[in-house]
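**Student:** For reference, the structure I am asking about is given below.
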């Protein structure tokens with residue numbers, strides 16, 4: 001419904017504007033100068049998103065490299081662990097507050113369900129993966145007030161991610177267009193492999209039924225929060241109102257059938273998200289089966305799904321490093337696809353403002369943009385770069401993994 005009412009019309013509108021004017025998201029508003037601020041805002045949002053988005057790609061690279069081990073480092077409690085780490089054993093009693101954040105469901109075992117905002121004594125258990133992510137990969141500080149140092153291996157992964165982006169975009173749309181053939185299509189092969197493997201596991205049907213079936217809670221469709229999340233998913237996965245669609249469509253031929261393109265891309269995008277859900281929930285169902293817990297207690301979203309819940313489930317499979325490698329390689333390709341479009345938004349805006357300079361110095365300017373954004377992103381790989389100061393829970397922007 002959100003696709004039909006908002007996603008598809010806006011997608012077609014932006015593609016039409018960019019293709020007709022052959023201009024980026026700022027210059028295209030010469031057709032109505034009073035709305036030029038809309039284009040400027042698009043570029044500013046894309047700039048901020050680009051900074052943290054490549055940090056997430058850096059996390060995927062770090063986990064990808066960590067997967068080249070016979071035993072995954074997050075599969076058990078190793079030397080980094082403390083008394084709270086374990087799959088079945090518990091540590092100290094804490095007082096947790098029901099915040100509605102899904103991550104607490106993994107960390108706090110409530111003897112009874114308290115009301116939101118109510119404090120209660122709980123048993124606190126740190127899963128091996130969450131402990132590895134927090135203490136080893138991110139080296140989190142206590143909050144934003146404690147900056148700490150730059151985590152050097154995350155900084156190197158961030159540098160590598162920017163080198164990949166710069167290498168793919170140094171010739172603009174000519175070079176990135178060829179790279180995208182691989183980065184856009186290969187994740188489908190990985191999804192099919194993960195789905196086939198997940199469907200053969202015990203408990204997979206429970207996960208799929210929770211995703212879309214008997215265990216689905218369709219009463220949530222009456223809640224406004226669900227519709228807000230649906231709109232967020234559509235806007236984020238289609239990249240509408242970000243400037244990328246205007247920038248990329250500006251390179252189309254004037255008589256290109258952008259109407260067909262809009263319908264094809266939007267429908268394919270949503271079908272891909274649904275298809276990816278089967279691959280994800282089949283393996284999460286197996287994880288719930290092994291833990292003898294309801295699927296609802298192992299399901300997360302956003303960062304927690306990509307870097308905690310799903311890798312935790314993969315670590316319990318035979319030949320776990322192989323599945324972890326495929327999963328994080330898929331995340332890397334998906335992230336790079338989005339990053340290419342966002343950087344192209346910035347370079348197209350510069351080209352519209354200074355066409356002669358950009359024609360002569362495209363490679364230095366593109367590399368300069370990547371270097372500046374890399375330096376700005378270093379703050380995100382400090383010990384406080386992933387914290388929100390709430391005493392242990394760290395928030396990340398939603399990343400629709402399946403899209």
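Indices start at 1 and increase along the chain as displayed.
Each Cβ is built from the backbone N, Cα and C atoms, and glycine gets one as well.
Annotation source TrEMBL lists signal peptide at 1-18. Taken from TrEMBL, the feature transmembrane segment covers 42-65, 150-170, 179-196, 230-251, 263-289, 317-336, 365-385. According to TrEMBL, the feature disulfide bond maps to 77-85. Annotation source TrEMBL lists Na(+) binding site at 237, 269, 334, 337, 338.
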**Student:** Against which stretches of its own chain does the transmembrane segment (42-65) lie, if we need a Cβ under 8 Å and a gap of at least six residues from its ends?
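**Tutor:** Apart from its flanks, the transmembrane segment (42-65) reaches 25-26, 137, 153-154, 157-158, 160-162, 165, 241-244, 246, 303, 306-307, 311, 324-325, 328-329, 331-332, 335-336, 338-339, 342-343, 345-346, 349, 373-374, 376-377, 380-381, 385, 396-397, 399.
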**Student:** Quick one: do the transmembrane segment (365-385) and the transmembrane segment (150-170) have at least 3 Cβ pairs under 8 Å, skipping pairs fewer than 6 apart in sequence?
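**Tutor:** Touching, yes - the transmembrane segment (365-385) and the transmembrane segment (150-170) meet the threshold of 3 or more Cβ pairs under 8 Å.
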**Student:** Let me spell it out: take the transmembrane segment (317-336), skip the flanking residues so only those 6+ beyond its ends count, and list any with a Cβ under 8 Å from a Cβ in it.
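**Tutor:** Distal contacts: 53-54, 56-57, 60-61, 63-64, 67-70, 72, 75, 161, 164-165, 168, 182-184, 186-187, 190-191, 193-194, 197, 201, 283, 286, 306, 310-311, 401, 403.
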**Student:** Identify, among the binding-site residues 237, 338, the residue whose Cβ has the fewest other Cβ atoms within 10 Å in this structure.
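**Tutor:** Result for the binding-site residues 237, 338: minimum number of other Cβ atoms within 10 Å at 237.
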**Student:** Mind checking which residues reach the transmembrane segment (263-289)? Cβ under 8 Å, same chain, six or more beyond either end.
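**Tutor:** Beyond its ends, the transmembrane segment (263-289) has Cβ neighbours at 3, 7-8, 11, 188, 191, 194-195, 197-199, 201-212, 233, 237-238, 295, 297-299, 305, 309-310, 312-314, 316-317, 400-403.
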**Student:** So how many other Cβ atoms are close to residue 337 (Na(+) binding site), meaning within 10 Å of its Cβ?
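**Tutor:** By my count, 17.
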**Student:** Starting from the Cβ of residue 269 (Na(+) binding site), draw a 10 Å sphere and report how many other Cβ atoms land inside it.
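**Tutor:** Result for residue 269 (Na(+) binding site): 19 neighbouring Cβ atoms inside 10 Å.
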